[in-house]
Amino acid sequence: MAVVGALALIAPHLYGNTSLLFTIMTFVVLAEGLNLMYGFTGYLPFGYVGFFGTGAYGTALLVLHTHLPVLLCVAGGGVASAVIALILGPLLRLSGAYFSIANLAASQIIYFVVSNPDLSSITGGPYGLKLQQIYDPPASYAAMAAILLLAIAIAGYFRMSRFGTGLRAMTEDPVSAALAGIDVVRQRLIVWLASALIAGLAGGTYVWNLSVFYPESVFNLQISVFAIVFALFGGVGTVIGPLIGAVILYSFYAVIGVSAPQYFELLYGLLIVLLVLFLPNGLISLLERKRIRVF
Amino acid sequence: MSLLEYALIGGILYGIFFSLVGIGLNLVFGVMRIINLAHGQFVMLGGFGAYVLARALHLNPLFGLPLAVLGAMVIGWPLYYAVVPRLQRSRDPEMLSFILFFGVAQIIEALVTLTFGADQRSLPSDALGSGNIVIIGQAFPDSWGVTVLVSAAAIAGLYLYFSRTRLGYATRAVMADRDEARATGIDVDRVSAIAFIIGLALAGIAGVFVPYMLGSVSPGIGDSLTITSFAIIIIGSLGNPLGTVVGGLVFGIGTMLMQTYYSSWSDLVPYALLVIIVLIRPSGLLGKAVRVA
C-alpha cells in the first residue's frame, strides 16, 4: 500500500501528463471497487457506472447549490451513491445474471432521469454542469490518490480478515455459510455499500478534476465495461489484480484506442472472450499457478 | 380519443414484433441457462443482412429471412461448440457466459462498425408495400402489417415445433432438467446447439424488420435491443415462450403510451419495466419461482 501511495505521488514528476495519470487512478479505483463486489460476493454489478455518475452528480449539485467546502461535497457524492445503493438493496435478492441486468437497467434509469430535459433546472439535463469555481487539479489529484489508497485498504481488509473469509464462504455456497452462522444478507449489503461508496467518491473527485461534464461522460456504460475487464484481466478477488489490470489495459487504451475506437472495441471483445475461455481468474492466476502467494 | 386508440393498437403491433425479438433470447436461456448478451447484436446483423440485400443486390428485403436462417446456422453451430461445453464445465457458468457473450457482442458490433461505418441505415420504405393497413380506424404502414404477420407466424411455428415435433419434445425436456434429459438418452448438446441456432435465426429474422419498425438500423442499437429483450422475457417469465408474447405486448403498449403522452421519458420504459418486475415479481407474470440467492 505504501508502495502504491509513493508511486502515485512521485509519478507526476516523472511523467508530465497528469490528467492521464488521474484517469488511470480513477479506473484503478473503479476496478478495485468493482472487485469488491465481484471478487468477494460473486455478484457482478454491470451498472457500476451508475454509482460513479451518482457520486458525480451528487457532488456537482452540492457544489452548485450549497457553499460547503469541496471535500465535503465529494464526500457527499459518495454518500449519495451509498444511499442509492441502499435503495437498490432489494436487487441483491436476485441471483447472478438477473442482478447484473437489473443493475444495468437501474443505472440506465438514473442516467435517463438525470439527463432528461424536463429536469434541466435541477440537474442540468443533457447540457451538463459546470463547476469552474472549484477547479484545482493538484488537490483533486491528491484526493483521488487518497481514495485509491482507501479502496486498496478496504480490499485488503476484505482479503485478510475474518469478514473476508466469511465473504468467500458466502460466494462459494451461501446456504452452508448461513448454516455456519454468517449473516449472508447483511454482509453482502455491507460490501455493496462499500463498493458503491468507492465509486461515488471516485465520481465526485473525477468531476472535481474535470469541472465541466455531461451526463454521457459519467454514465457511460463503457466505464462499467472497462472496470469489469480491468478487474477480470488482473484477477478478481485479489487486491493487486485490478490495479495491475487497470494500469496495463488503460495505458493500452490511451495509446491505441483513443484514436481508433472500433479496432479497440474489437480487440477488447476478443480479449474478453479469450479471458473467459482460457484465463477466467485473470493474470494473477498465472502467478498463483506457480504457487506464489498473491495479496 | 384517436390518439389513445392509435397508441393501444400500435402498441399491440409493436409488441408482437418485440415478442419476436425477445423469443430467441428466451429459447437460448431456457435451454442452456446461458444469457446471450450478444442477442441484440445478432438482431442488428439480421438488419444489416437485409440492408446489403436490398441496397447492394436490389433484392426484396424479405429475402433476408432465409439469409438470417442460413447465417444463424453458419455462425451458431461453431460458436456453440467452441464455447458452450467449456462454459458448462467451469465454476460459474452463468456469470462467465454472461461476460463471454458480452465480449462476443463487442466483437460483432466492432466488425459491423468497421465494415459499414456507424451511420444509420434504412431500407426502401415501399419494398414491403407502400400503402396503409387500417385496423379499427387507425392507419399503420403496410410494413408493420407484414412484420406482424411474419412475427406471428414465427411464434406460431415455434409453438408447433415445441408441441408437435420430437426435437421439440426433446428441447422441452432439456429446458425442464438438463441432467434428467441426458439420462433419458437425449443428446443434450445437439438439442442445445439446434436451439441456439433457432434462437439466433429468430433474432436475425426480427432484425430484417427492425429498419421498418424502428426507422433505421445502425451498429449501436444492439445494446438497447438486448436490454429490451431481457425486460420482455423477464416480464413474461424466463423459459416460457407464451410469456414472451405477453411481455412483448406489455412492453409495446407501454412504450407507445409513453411516446404519445410523455415522449421525453419513453427511453426509460424498458429499463423501468425491468427493474419493477424484477423487484416485485421476479418470476414474471406467468412463471414459477426463480432461483433466489
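The backbone N, Cα and C atoms fix where each Cβ goes, and this holds for glycine too.
Quantities reported herein were computed from a predicted structural model and do not represent experimental measurements.
Under the heading transmembrane segment, TrEMBL lists B:6-29 (among others).
The feature transmembrane segment is assigned by TrEMBL to B:36-57 (among others).
Sequence annotations record features per position, and here TrEMBL assigns transmembrane segment to B:63-83 (among others).
For the transmembrane segment (B:95-118), same-chain residues at least 6 beyond its ends with a Cβ under 8 Å from one of its own Cβ atoms are 34-38, 40-42, 44-45, 48, 79, 83-84, 87, 218-220, 222-223, 226. The feature transmembrane segment is assigned by TrEMBL to B:95-118 (among others).
Annotated transmembrane segment per TrEMBL: B:144-162 (among others), in sequence order. Beyond the ends of the transmembrane segment (B:144-162), by six or more residues, the same chain brings 13, 16-17, 19-20, 23, 27, 62, 65, 128-129, 133, 168-169, 171-172, 198, 202, 205-206, 209, 212-213, 241-242, 245 to within a C-beta distance below 8 angstroms of the stretch.
Under the heading transmembrane segment, TrEMBL lists B:191-214 (among others).
Per TrEMBL, the feature transmembrane segment maps to B:268-287 (among others).
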Given the transmembrane segment (B:191-214), its same-chain partners at Cβ distance under 8 Å and 6+ residues beyond its ends are 14, 17, 20-21, 23-25, 27-28, 31-32, 36, 39, 42-51, 61-62, 64-65, 67-69, 71-73, 75-77, 79-81, 84, 121-123, 125, 128, 141, 143-144, 146-147, 150-151, 154, 158, 161, 167, 170-171, 174, 181, 221, 225
Positions whose Cβ lies under 8 angstroms from the transmembrane segment (B:6-29), at least six residues beyond its ends:
35-36, 39, 42-43, 135-136, 138, 140, 144, 147-148, 150-152, 154-155, 158, 195-196, 198-203, 205-206, 209, 213, 225-226, 228-230, 232-233, 236, 238-241, 243-245, 247-257, 259-261
Grab the same-chain neighbours of the transmembrane segment (B:63-83) for me: Cβ-Cβ under 8 Å, and only residues 6 or more beyond its ends, written as numbers and ranges.
42, 45-46, 49-50, 53-54, 97, 100, 104, 150, 189, 192-193, 196-201, 203-205, 207-208
